[in-house]
Each structure stands twice: as C-alpha cells, then as structure tokens.
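Engineer: For reference, the structure I am asking about is given below.
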Amino acid sequence: MSVVIVFILVIAGISFWWLAQQRLMSKPWLEQGAAGVLPGLESTGVPTAKLGLGVFLAVVGCLFALFASAYFMRMELSDWRAPPLPSVLWLNTGLLILSSVALHVAVMAARRNQPDMLRLALVAGGLTTLAFLAGQMTAWRTLADGGYFLTGNPATSFFYLLTGMHALHILGGLVGLGWAMAGAWREGASARIAQRVELCAMYWHFLLLIWLALLVLLAGWANDFIDLCRQLLT
Amino acid sequence: MVDITPRAVDAIPPAEVPDVELYHPHSWWTTYVFSQDAKVIAIQYAGTAMAIGLVALVLSWLVRLQLGFPGTFDFITPEAYYQFVTMHGMIMVIYLLTALFLGGFGNYLIPLMVGARDMVFPYVNMLSYWIYLLAVLVLVASFFAPGGPTGAGWTLYPPQAILSGTPGGQQAGILLMLASLILFIIGFTMGGLNYVVTVLQGRTRGMTLMRMPLTVWGIFTATVMALLAFPALFVACVMMLFDRVLGTSFFMPALVEMGEQLSYGGGSPILFQHLFWFFGHPEVYIVALPAFGIVSDLISTHARKNIFGYRMMVWAIVGIGALSFIVWAHHMYVSGMHPWFGFFFATTTLIIAVPTAIKVYNWVLTLWRGDIHLTIPMLFALAFIVTFVNGGLTGLFLGNVVVDVPLSDTMFVVAHFHMVMGVAPIMVVFGAIYHWYPKMTGRMFNEWMGQFHFWVTFIGAYAIFFPMHYVGLVGVPRRYPELGETAFIPDSVHTLNAFITVAALIVGFAQLVFLFNMFWSLRYGRDAGGNPWRATSLEWQTPTTPPPHGNWGKEVPLVYRWAYDYSVPGAPQDFIPQNDPWPEKAAPA
C-alpha cells in the first residue's frame, strides 16, 4: 500500500499548505467585521470548473495509485511472470504525447483568439488520441496472439486491467473533447470555449502522466526501486 | 473585541448577485423529480436512504429473531441468515449512513450554511442522485435474483465471497452487489465534487473558512476523505468482478472446492483485505465526522452557548481525517500480519483517540453552565455523546492487538461497532432531522411523539447493545446463525439473546412513530416561523421558509461574524445571526 500512502501524503501536503493560508490560527470569536475585507479568503480565485476538474483528477490519481499498490503487492507472490512488452506501446506513447501537445497548442490558439488554428489543433488532438486507443487495441492483440491471455498470469491480467482502465478514462475525455469541439465550431475562440479547451488540455496532460507511470510499472523499470524500498522497510 | 474592518461598514458594495445563472425549472417534472435544486436533491437522497434503511431494519429483526429464538422460524435457514446479515450491514453503512450524511445533509446544508444559492455544478449533482438511486435499485434487485443476495458478509472477503458454498457466490447475488457498489461510488464521486468545490468556491462574502459552522467542516472533511477512500473499494470491486467473471486470480488462491480443483491459483485474499479496509476505516470517519459537526451545532444552539474551543474542533476534524488513512490494518490483526505491523497500527489507532477525546471534552465544556434546553434535537445530541464515549472506549480495547485477537471473532466486536458506528451516528441523524425539519417544511414536529421516539430508541438501543458486550466477553462467536449445544456458553446467554431480540423489535417499531410524526406534522404541525431555535447560522436567516430555489431572494447574505454568537453580553437578544452587523447600527442596503 506504499504507493497510495505516498499519494495520500502528497494530497495531504497540498491540503495542509492551502489550509495554512486560511488563517486557521485566527480567533473567530473575537473577530467581527464585514465581508469583503479578507481578500483571498472567500474563494480560491481559480475558476470553479478548473478546481472541480482538479479535485476529480486527484480522485483519478488515487484510483491509479491504488491499482499500482495492488500491482506491487500481487507481484511479490511466486507465480508472477511479466509478459513481454509489445513494441507498439512506444508508438502509442508517442501518439499520446502528440495529442497532449496538440491540445496545448489549442489552448494557446484559444487564448490568442485564432479560431482556425484552434479547430485544427482540436482535430489533431482528437485523431492522435483515437490512434492511441487503436494502438492499445493492437497491443492487446499482440499479447493475445503471443498466448498471453487475461487469465494466464496475474502480470498479464494486470496489463489488461490497467491499460483498459486508462483507455476508459481517455474515452471519457473524448466526450469532453467533443463538447469543446462542438463549441469551437459554433462560437470560435470565445472565452467560454477557451475554458473548455483548457479543461480538456489539463485532463489530457494528467492522463499522459498516468500513462507514463503505468508504462514504468508495466515495463518493470520500477522493480529495482521497489526492491530497494522493500529492503529498507524490512 | 477586535474589529478587523479597516473601513466603515458602509464601504461595502451591495451584495446583490444576479441569479440568472440558476436553472429555473418550468415544469412539475423539473421542479420535483429531475430537479437541480440541492435542497430537492437532498430530500430525494434522504428519502431513498431511509426507505432502503427500513429494509435493513427489517433484516436486522430477522437476524435477531434467529439469534434470540433459534430454530423457531423455518424460513431463516443458515444461508438466509448470512444473506440478512450481509445486506443489513452493507445497506446501513453505505446506502443509508453515507448517503444520508453526505447526500442528504450535505446537499441541504452546505449551500445554505455557506450562503450560496446552490451547489456549483447543479446538473452533476442531479446525476449523482439518479446514479445513487440506480445503485439502490440494483441492490434491491439482488433480493429477487435467483439464489438471492450475496451472503458473503458485508466485508465480501474472498475467496468465500465468490465460491459456490456462499449464498449468491456463484449466482447473481455477488455480481449485483459489486455492480451496485461500483455505481454508488461513481454517483458519490459526482456529488462529492460538488460538496468540496462548493465549500471552496461558493462561500458568500465574509464567510471565511474559520467562520463556517462545524457542520460544514465535518461534511467537507468527510467528503474529501470519501473521495480518496472510495476508489479503494472501487479497485477491490473491479478486481473481484474480474476474478469472478473472467477467471483472473487477483485475490483467489489455488483451491479445491467439492473435490474439484478450481482454475484459480496464486492470488492473495489479504490483498483484498488491504484494499477493502483502506476504504473501510476512513468510512467510519466519513460517517462520524459529519455527525461530530452536526452535534457541535446542535449542542451550541440548544445550550445557548458558543462552542467551546472552535479552533481546536476544526483542527481535530482535519487531524482525524488525516490520521484515519493510516489505521486500516487494525481490522486485520487476525490475518497473520507481522507483529511490527500490528504494533504500528495499534499505535496510530490509539493516537486517533486524542483528537476524538478533545472533541468530547469540548462538547461537555460547551454544556458546562450553558442554558440547556432539553429539546428533542438536544436529547439526541446528548445521547450521541454518551453513546459515542461508550463505543469509543471499547474501541480502545480492540485497538490493542493482544486484546483484539481473542475478542475479534466474538459478539463484543458487534456490540462495539454498533455502539460507535450504528447507534451514535443514528442519534445524530434523528437529532439533525428534528432540528432542521422546521426549516425544511416550515412546520414543527409533534413534541410528544418526538419524546416517545427518543426515549424508546435511546433506552432500547442500550438494552440491545449493552448486554451484547457481556455475551461477547464470554466468548460467543459472531457470524454463527445458531449456537447449538456448546459447553462454554451458559444458559444466561440464551436468555440475554432473547431479551436483546425483544428490545430490537420494540426499538424498530418505535421508528414507525418517527415516520408517522414526520408525515403528520407536515400537515398538522404548528407553524414554525423562520428561526424557531433562535439559531445564528445562515440557513435560519433565509427570507422565506422553506427556502425556495436560489435560497436568498434578491441578495446573498453578508457575513459579519462566526456561527456561535450565543448569549453575547450586551446584545439585544441571546443570539446574533451571522449576517447581523451588531454593534454597527445600520446594515448596508
């Protein structure tokens, strides 16, 4: 459970850092006075939708941290045989990075009020994302053709489970992207659309991060590190 | 007093906020059914939770009938007994208490108490309720599925949960249970995002964090915890679904069932326990923290005294929330863990008693020399404190490994967690319903029916759970549908069991009086006015009662003080509402 504990510590750190700025030491029973005089204490100043997405991403992060914890705990048992990593995953990683870059370009275009550039970038982001999903399907096929089925070995089961979970989140993101696209075609680069695009970009960057972490996990690069931690703990 | 206003009060801009952003319903359907008004959603949540809670109440009767009078009722087979126990536990913990405190009270109270017009994402909020309802319906469907609901125990431990020896294990029961939990978590996450972001963003002007009522602090912290803890249950459910449906071996070890080698192999049941309790322990405080918050407000209001140690209360809530994530393995002392692990978790478990005890002292010190009004909400609040102390003290016993190991599988544990997590929060639920009923309906409940309900419930709950501690201490195991001829169990245990069952039946029936009171008073209760308890917090200051969609009419309130200005010397009355500029003469227009 160490991965999720580290994750919770990070969240707790951010929460306490924020709480520390909220005058938690104040004595409200002595302080009376009107509103509007305590700048920054009434709301965070971040747009509400963005904060909402931020909280949601913390939940998603927690979910994947828990999956990673389960992965490491299951890995300790003797029947663990990691499957070979399909090489198409490198292409997929490249595609996902491209889609993240495309959405970043879209945010820039929306801020500079360039509707054509915005639409182009959104389409590019959507297409690379779809290509990523197709690539993930190919990876599954490669594994299955090689005789690595879902039920074969827990390591393989985890491969399907983790990539599947990640793909489901990407699919959910595509709904949001479609919503941003619909707006971009209707209204161009208005402030409302710019915010939608920003939300999409934030989600994409986060899922890219999650994917890179999953890749490290599945490729076994973290194993030495985990062994080291385990030795330190015991 | 320190006046933190650097300028005169009249320098403040008018608090007029256009409410054009609100989605105003146009038809009956969007006003009462598919409503986006947090208050309607709250009542929908509470109604659904209480309806499914009644099912769980009847299940507890059936469980008690079997334990009190074993062999008398033919339809309570051992399989049925396990199904009743499982569904009773799961419904009460998740579908009743979690949904009622966060979905019910959270939705109703957060926007009103922080001075917002509604939740920040009303549409997502509405979806949250409908997914919750779907989860409840899937759960109910398992009663009618072939083989009935799952009988795996509310913890759903593998491998037994998905084997054919357990009711519903190889049938639809466990599948519907897991599906329902997954739906619940998705629905809750939608609601939870709303509660958190509304507290962060939706507060009205002047409502700093340290001016919020403790109810909001409790619900807010509990929601943050739930958002981080429920994913663990989600992961556990998804992986168990994979094991059950697709034949993976995440949790399932190699095993032989009925002389037949199953295809599973190598999985770790302990892994499930870690995931489950990583959710399961914070869950205790997800239920307890809103209760802590609400009870603080009830005591302060009905004792006409400011809450003692407000800052300490806030810090304790946050501290308990953080600590509760590193105590989960105290539920697993008997799972064969490394002794150092047990030592670590016993230590953290006992540390969490410190902030909890601070809260109890502060409640008692709030009562000290207060002007105590023994209203129905106050009676329930006092009953909560007593019960929580009782249940908490046995928690200190069970938190120690050496005491827990012999007691772990006895009725002592059942008595402990029903005291601390069943009776105590339910007392707050009732207290809170009686307290806010006048605001929700504009009418007072019937006092005498309330008195009857309180005394029967309070004394009855003790009649049920106090003897159970003794039953546990003599070593009567939990999870057994029948004790049979067992040498070490004296006859008095059987007498006590029969007594407990009778008490449980009486307490259950008393709840019908409560329900009748709620419906009767809706029509015949006397008019309550806007602020019958003369309380300070914002929800009592709405221009109309019950508050309409948008809550505040033309202007959102402007907050001048904290929520606990009771019996302030020199003030014209014994309470000063949060939006009252006293001692300044005129409120800004």
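For all residues, glycine too, the Cβ spot is worked out from N, Cα and C.
Summarising the annotation, TrEMBL assigns domain 'Heme-copper oxidase subunit III family profile' to A:1-223. Taken from TrEMBL, the feature transmembrane segment applies to A:6-21, A:51-73, A:88-110, A:117-138, A:158-182, A:203-222.
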Engineer: Taking the transmembrane segment (A:203-222) as the reference, which of A:88-110, A:117-138, A:158-182 gives the largest number of Cβ pairs under 8 angstroms?
Structural biologist: A:158-182
Engineer: For the transmembrane segment (A:117-138), what are the same-chain contacts with Cβ under 8 Å, counting residues 6+ beyond its ends?
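Structural biologist: For the transmembrane segment (A:117-138), the list is 86, 88-89, 91-92, 95-96, 98-100, 102-103, 105-106, 109-110, 163, 167, 170-171, 173-174, 177-178, 180-181, 184-185, 188-189, 193, 197, 200, 204.
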Engineer: So what's the average pLDDT for the domain 'Heme-copper oxidase subunit III family profile' (A:1-223)?
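Structural biologist: In the predicted model, the domain 'Heme-copper oxidase subunit III family profile' (A:1-223) has a mean pLDDT of 90.
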Engineer: Report, as numbers and ranges, which residues of the same chain sit near the transmembrane segment (A:158-182): CB under 8 Å and 6 or more residues beyond its ends.
Structural biologist: 60, 63-64, 67, 70-71, 74, 83, 119, 122-123, 125-126, 129-130, 132-133, 136, 139-140, 143, 148, 150, 193, 196-197, 199-200, 203-204, 207, 210-211, 214, 217-218
Engineer: When you scan the chain for residues with a C-beta under 8 Å from the transmembrane segment (A:88-110), skipping those not six or more beyond its ends, what do you find?
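Structural biologist: Residues packing against the transmembrane segment (A:88-110) from afar: 117-118, 121-122, 124-126, 128-129, 131-132, 135-136, 138-139, 142, 184, 189, 193-194, 197-198, 200-201, 204-205, 207-208, 211-212, 215.
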